[in-house]
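Chemist: The structure follows.
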């Protein structure tokens, strides 16, 4: 199995292809990407037969920016007979996967695939039963075993394969299913909520998103991102010349600071979180984020970088490299992750967690 399917946002196939080609090449896993515009997926075909599995096991999925999900697959199954689609799929998976822990029958995230999605939902139940009968799936779902993927690209046409549960997206189609809260001031609130689900392990939420923490929201108006912090019982400094939603001010947890997010400097030294969703050039936002992290003004940050029309992967890579260089230069040890989220549009979301100062004798306790 030498092909890897990567699901992505429709319209960002070229960026997804450029990224996987670059990062696979750095691990000496060579191949080429098959790209179809607005298809919502990319196929990276490795030159060596076993390199597909090697790629999805060795390259951390969390290091990918434009992929929502990935899995290794074999050849395309075509012209599945409508009276029995199950037998050929079972045949393709037998001997390839043993005791998979979960089945996901998926499609790309496009308008054309919506009808196909209805079929996938109905088809999952009988296919799961058949795969359990032959030992491709365990009798009960388990997160400790590989995930079996059946990916339909058209009626009667699908790829079959698997991903590793410790190195994939835990979400169906790589998309967390979030509901817009009716009392939130703007739909942008879903961007931050999704970022928290993607970047922070669930078992660390109580510690890293704790009641009573102090947070700063730069460019906060009208308060979509502030809403998420307030919901987690944090005290929030919302920085923006524009007004905040009255519903947030009424909580008593929000201090509205009417000033420019680029000029604001915090006057406390116990800020756990800084979040930022400002419409500005990526380089300017990245420089501001580097300043906050280098000075220890916050422990963790989530921010958005708005993308240009062309060379979007190169632009993101350049800004992340600049941020890493600034942290290295000032002896700050940090984890950096970036992802184009489902609720992002022409942008990517970046999460940085400051761990400790790497300089001997210094420890970051702020």
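Even glycines carry a Cβ here, placed using N, Cα and C.
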Chemist: Out of 203, 206, 240, 250, which does Swiss-Prot tie to the same S-adenosyl-L-methionine site as 188, 221, 222, 223, 224, 260, 277?
Modeler: 240
Chemist: On the Cα atoms of 188, 221, 222, 223, 224, 240, 260, 277, which are listed as binding S-adenosyl-L-methionine, what is the maximum pairwise distance in Å?
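Modeler: This binding site's residues have a maximal Cα-Cα distance of 20 Å.
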Chemist: At a 10 Å cut-off from the C-beta of residue 260 (S-adenosyl-L-methionine binding site), count the other C-beta atoms across all protein chains.
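Modeler: Within a 10 Å radius of the Cβ of residue 260 (S-adenosyl-L-methionine binding site) lie 13 other Cβ atoms.
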Chemist: 222, 223, 224: which of these binding-site residues has the highest Cβ count within 10 Å of its own Cβ?
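Modeler: Compared across 222, 223, 224, the most Cβ atoms within 10 Å surround 223.
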Chemist: Check each residue in the chain of residue 221 (S-adenosyl-L-methionine binding site) that is at least six apart in sequence and keep those whose C-beta is under 8 Å from its C-beta; list them in sequence order.
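Modeler: The list for residue 221 (S-adenosyl-L-methionine binding site) reads 238, 240, 241, 242, 243, 244, given in order along the sequence.
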Chemist: Tally every other Cβ atom lying within 10 Å of the Cβ atom of residue 188 (S-adenosyl-L-methionine binding site).
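Modeler: The answer is 18.
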Chemist: Could you state the whole-number distance in Å separating the C-alpha atoms of residue 224 (S-adenosyl-L-methionine binding site) and residue 306 (active site, proton acceptor)?
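Modeler: Just about 17 Å between their Cα atoms.
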